[in-house]
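The next block holds one structure in the form of structure tokens; read it before the comments.
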Amino acid sequence: MVASNSVAVGCAVGIPVGVGLIIAGCFWLRLQRRFKREDEQDADLQRAVFDEDAYINFESMPTLRNNNNNDEDNNDDKRIKKIEENGNENTIPINDNKEQRKSKYFVPAYRRKINALSVRYDGQQNIEMQGFGANSSKVSLDSSNAPPKRVISVYDQMVPFVDGDKNSVIQNTELLESNDSVGNDSTRPSSQANLISNLNSNDFGSYYPRKESFSSINIPHLNTSSPSFTTRPSSVNSMIRPNSTDNIFDTPRKSNSDIVSINKDQVNRTGSPVKGTVISENMGYKLKNNYNIENSNEIAEEDQYENEFTNYSQNKKEFIDSLRPK
């Protein structure tokens, strides 16, 4: 009786656990197989990108092809046959309907783009081989007269070319359009020379022209220089001073008493006060600071910014006095 109970409990617990482990193992193996396949695809693509001197040969990368997608292969064959009938290499439709793009697995966007490039490359090779077999003599003569076809590197496929014309507007094109224009243009100069010429023709150090304001549109621009700062208007004593040009940043070398004495001498000489002059103690420019103007020769350096409005010591004293309780 005890043995039958233990067997029943073991079967009830062990069988579901065993089935779950088997199912989990199957999913794990499938996931590992998928990871391995994706690692191989990424390694092939990275190897092709880092090869600078070789064209991306999709025949050497079978992992990039989706063998499980039979509908896509049939669509590619139809596309190539249509190209052969039309005889135009640039009429390859890239975008397909959703019904024609059904796949068993999810394909990323960059791999769909690579597959489209591989289809275009295969179609071009088939057309070239058929043209060579149909009229080989004409092809040989044309190839001898034509310039040598340049070798397309990986950078030519990945990096789009910039138009060398300065006046033309640079338009952003997709990777497929740039690859198509680069791969089909055999008479174009080498990529290195074209890149150098484009870099030399572009002006990277200039700025866009400044937009004129509405107030200055109808006003003629005069070629006159404007002063960097506006000085004070000449004071009453400008005609008495030896230098009429006032320098507001210069330390005055004359005291107020000297200016008053000059005004008195002017009055005594003429017998009447000069027109526009007033004898007062407010005449002239007086620098009120902590230094004495009369001993200016003994002062090594004066604080030009400490005057009657910015008397730091006086303001500090008044501020401290205002904090005291009254």
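Cβ from N, Cα, C; glycine included.
Per Swiss-Prot, the stretch carrying the note region 'Disordered' among 62-84, 85-107, 177-199, 223-245 is 177-199.
Mean per-residue pLDDT, taken over the topological domain 'Extracellular' (1-8), amounts to 78.
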